[in-house]
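Undergrad: This is the structure, below, for whatever I ask next.
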Ligand SMILES: [Mg+2]
Ligand SMILES: [Zn+2]
């Protein structure tokens, strides 16, 4: 089975420093859902792993998070894309949970649930902690420059083997061997 793990905010949809707190604030990055459809067509199962500390902070509740994800699933379906599962961490940094990225707990849970070793599995994020969480599981880190990606690239310290791409569509081009732009290795 081919699996790919995506961060949500800044990878699939536009991010905000004020958090994505409602379905109205969830707006897809152009081309991201179509890229997921192309992954599906190539036989990939697409799984999301997302920190959602807005829940712990009281900025939104589980009902709202579910509504946001319903909007995402519906928008995906419209272009023939299927997101297999969404794993989220509702905790804040103070909770010291095992699932909040950069901890690898969510990815380890994905590995268990899908019964797949994550070695070499593409892990796409716009923040360093996304890539750090994946690195511990042996997955392959992809940084996108959407969302917080430009800031993340500027700060540096990316895990070895990280490649940098303009956006999710470019990552998918790369994975499906139809590159439109060169990738930059770090
Ligand atoms: Mg993000
Ligand atoms: Zn957590």
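Even glycines carry a Cβ here, placed using N, Cα and C.
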Undergrad: TrEMBL has 7, 9 down as binding Mg(2+); which of 126, 173 does it also list for that site?
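TA: Same Mg(2+) site in TrEMBL: 126.
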Undergrad: To the nearest Å, how far is the Cα of residue 9 (active site, proton donor) from the Cα of residue 126 (Mg(2+) binding site)?
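TA: Distance between the two Cα atoms comes out at 8 Å.
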Undergrad: List nothing but the one residue from 89, 97 whose Cβ has the fewest other Cβ atoms within 10 Å; the candidates are the binding-site residues.
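TA: Among the binding-site residues 89, 97, the sparsest Cβ neighbourhood within 10 Å belongs to 97.
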Undergrad: Taking Cα-Cα distance, which of the recorded positions 7, 97, 100 are within 10 Å of residue 126 (Mg(2+) binding site)?
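TA: Near residue 126 (Mg(2+) binding site) by Cα: 7.
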Undergrad: Around the Mg(2+) site formed by 7, 9, 126, which additional residues qualify by having Cβ within 8 Å of the site's Cβ center?
TA: 8, 10, 11, 12, 15, 50, 125, 127, 130, 144, 146, 147, 148
Undergrad: How big is the gap, in Å, between the Cα of residue 50 (site 'Stabilizes the phosphoryl group') and that of residue 7 (active site, nucleophile), rounded to a whole number?
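TA: Distance between the two Cα atoms comes out at 5 Å.
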